[in-house]
Amino acid sequence: MAAAEPAVLALPNSGAGGAGAPSGTVPVLFCFSVFARPSSVPHGAGYELLIQKFLSLYGDQIDMHRKFVVQLFAEEWGQYVDLPKGFAVSERCKVRLVPLQIQLTTLGNLTPSSTVFFCCDMQERFRPAIKYFGDIISVGQRLLQGARILGIPVIVTEQYPKGLGSTVQEIDLTGVKLVLPKTKFSMVLPEVEAALAEIPGVRSVVLFGVETHVCIQQTALELVGRGVEVHIVADATSSRSMMDRMFALERLARTGIIVTTSEAVLLQLVADKDHPKFKEIQNLIKASAPESGLLSKV
């Protein structure tokens, strides 16, 4: 990992601190990607010690080939700002480690061990309103079958299920890691963050469901803002309005989010015909995905 300024990257001897800070130390909340972990550092700790602490807390999830910058949450502005030059920790604070730039040489790579599938709000009450809903259900089910074959964790949300119903019956939720109700549009809930924290080395999220311009868009932007690479499956996401869907996908692609297809995702995950699961994935995609009107309006 290259930092924004020189830093000692050796791991500290001690582990993460508990809820209370020891004498002579200051409590600090360390945020990385979708995670946030409380710890403590010595009073007066600077940039290098903060980097060491990030590595001790998140070492197995940080891509050492990428460049990162440390930012401090500024109450005055209500947002994160780059760590001021010569900064020293003197009081309780919140810091985060964010990618400084995207490595184009690795952009878009998917591996089963570093990928999670997000299935967003594929619920019964949306059936009459969402364009080509039957098609995206079919493709979504194919993706979940692929996830089971490859051992990829799946997280499913349902938007206000009391009023909008549960996930449609055609979507088989056997073996999914989590099914969560929500009212927030984004899928990035505290329970989702906790679930991701239990999965080592998460780099990428494959995202699909409804609606493209609301829950899908807000989930994708929040994940990217936390350093997660997002792949949106175009043939498994839709909206009530094709215009909303089209402009959402265009906007998301401009932010570096990858707009892809279900077959591209599944074949990228096996990567080689000699992969032990290739035959099962091949059988899954033998029947082409539905040629719906979605594909002419990406």
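Just so it is clear, glycine is given a Cβ too, placed from its N, Cα and C backbone atoms.
According to Swiss-Prot, the features are:
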type    : residues : note
MOD_RES : Y160     : phosphotyrosine
MOD_RES : K279     : N6-succinyllysine
Within 10 A of the CB of K279 (N6-succinyllysine), the number of other CB atoms across every chain shown is 12
Tell me the Cα distance separating Y160 (phosphotyrosine) from the residue listed as 'N6-succinyllysine', rounded to the nearest angstrom.
39
Same-chain residues at least 6 positions away from the residue listed as 'phosphotyrosine' with a Cβ under 8 Å from its Cβ, in sequence order, are P181, K182, T183
Secondary structure at Y160 (phosphotyrosine), reduced by DSSP to three states
coil
K279 (N6-succinyllysine) falls, by three-state DSSP, under helix
